[in-house]
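As annotated in TrEMBL:
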ACT_SITE  Lys22  active site
ACT_SITE  Asp152  active site
BINDING   Pro110, Val111, Ala112, Gly113, Gly114, Met115, Ala116, Gly117, Gly118, Ser119, Ala120  ATP binding site
DOMAIN    82-160  domain 'GHMP kinase N-terminal'
DOMAIN    226-299  domain 'GHMP kinase C-terminal'
Amino acid sequence: MSRSTGAVAGPAATVTVRVPAKVNVQLGVGGLRTDGFHDLANVFFAVALGDEVRAEAGAPGSGIVLTCEGPDAALVPLDATNLAARAAQLLADRHGLAPDVRLHIAKDIPVAGGMAGGSADGAAALVACDALWGLGTPMADLLALAAELGSDVPFALLGGVALGRGRGELLTPLEVSGSFHWVFATADGGLSTPAVFRECDRLREEAGTGSSDTDVPTPDPSAVLLAALADGDPVALAGALGNDLQAAALSLRPALAACLAAGTEAGALGALVSGSGPTCAFLAKDEQGAQAVAAALIASGTCRTARATVGPVPGAAVVDR
Ligand code: ATP
């Protein structure tokens, strides 16, 4: 088994790429722009929970053939709308290649869970097909292709911790010391990201603040949060966690409040909805604390399951070829 970032020479017969899920330690949401997007101050944090995408050369003319395994596999579309298939198609088009590839997704990231699982698979497929076809595409070009696929795809390539501006696709890597211990509580059934943004706009209108980008100031990253990351201080990070979509996710899925409360009662330093939800994220003091919070969450019956993990971890990378 070999490990590389994906910039490998010569085509391969099979390439496996591991890619992380993300949690947004800060998700500041600006007003609705005229193009339908929101300006974000989005601090992405890559965690060790992840998917694997395996790319194998297909017979000439066979096109993209997609398969998926994992607990949520039945929820993953296996047609051309899958982000892994779209990524393979995009890369092939740019290089004038026939996208004859079998893509297999080993799915561990909850589907429609607010952890950017589809985006992760898109990033993994870009890296896997790039290695399979021996293209050696520079990282800057892969990032540009990733941004065409979706706002969260570039971060899945980069990993670590990064600030995303614009729709979230304009990334600046951030300094982090050490590791942070997390617990993720998954829910039955997903939440649609566009529906959660719409609910956020609706709640702002209802509150009388207005929801357009002339009503809502452009969000900025929290200086306290950035310092906590740089210092490797979980207590300070817990105090600075923030998600402007949380109220909207709770409005659409009120049961998440009990999950957040159960994790906090179990000793989590901080709790928040991950991205657009419904996965809930808990920051723990250390590994032992994370295991205790996960066990208490499972016992509470407020989630489908809960898992302790760690981060930050690197972005999509070849683990086997
Ligand atoms: P985000 O956090 O980026 O808003 P999410 O984690 O909430 O996204 P995803 O798991 O990416 O949500 O899935 C959202 C929808 O995308 C799914 O319901 C599914 O229809 C579609 N989709 C496309 N490709 C994939 C994929 N490879 N894995 C999972 N879902 C995919």
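Just so you know, glycine gets a Cβ as well, placed from its N, Cα and C.
Relative to the rest of the structure, where do these features sit?
Other Cβ atoms within 10 Å of the Cβ of Lys22 (active site), summed over all protein chains shown, number 32.
The Cβ of Asp152 (active site) has 28 other Cβ atoms within 10 Å, all protein chains considered.
Taking Cβ-Cβ distances under 8 Å and a sequence separation of 6 or more, the neighbours of Ala112 (ATP binding site) in its chain are Leu75, Gly190, Leu191, Ser192, Thr193.
Residue counts of the domain 'GHMP kinase N-terminal' (82-160) by helix, strand and coil are 45 helix, 7 strand, 27 coil (DSSP-based).
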Output: those recorded positions from Ala112, Gly114, Ala116, Ala120, Asp152 whose CB lies less than 6 Å from an atom of ligand 1, in sequence order; none if no residue fits.
Ala112, Gly114, Ala116, Asp152
Among all chains shown, work out which of the binding-site residues Ala116, Ala120 has the most CB atoms within 10 A of its CB.
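Top count of Cβ atoms within 10 Å goes to Ala120.
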Given the binding-site residues Pro110, Gly114, Gly118, which lie within 10 A of Lys22 (active site) by CA-CA distance?
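Those close enough are Gly114.
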Just the number: how many Å between the Cα atoms of Ala120 (ATP binding site) and Asp152 (active site)?
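Cα of Ala120 (ATP binding site) to Cα of Asp152 (active site) measures 8 Å after rounding.
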Measuring Cα to Cα, how far is Gly118 (ATP binding site) from Asp152 (active site) in Å?
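Checking the Cα atoms of Gly118 (ATP binding site) and Asp152 (active site) gives a distance of 9 Å.
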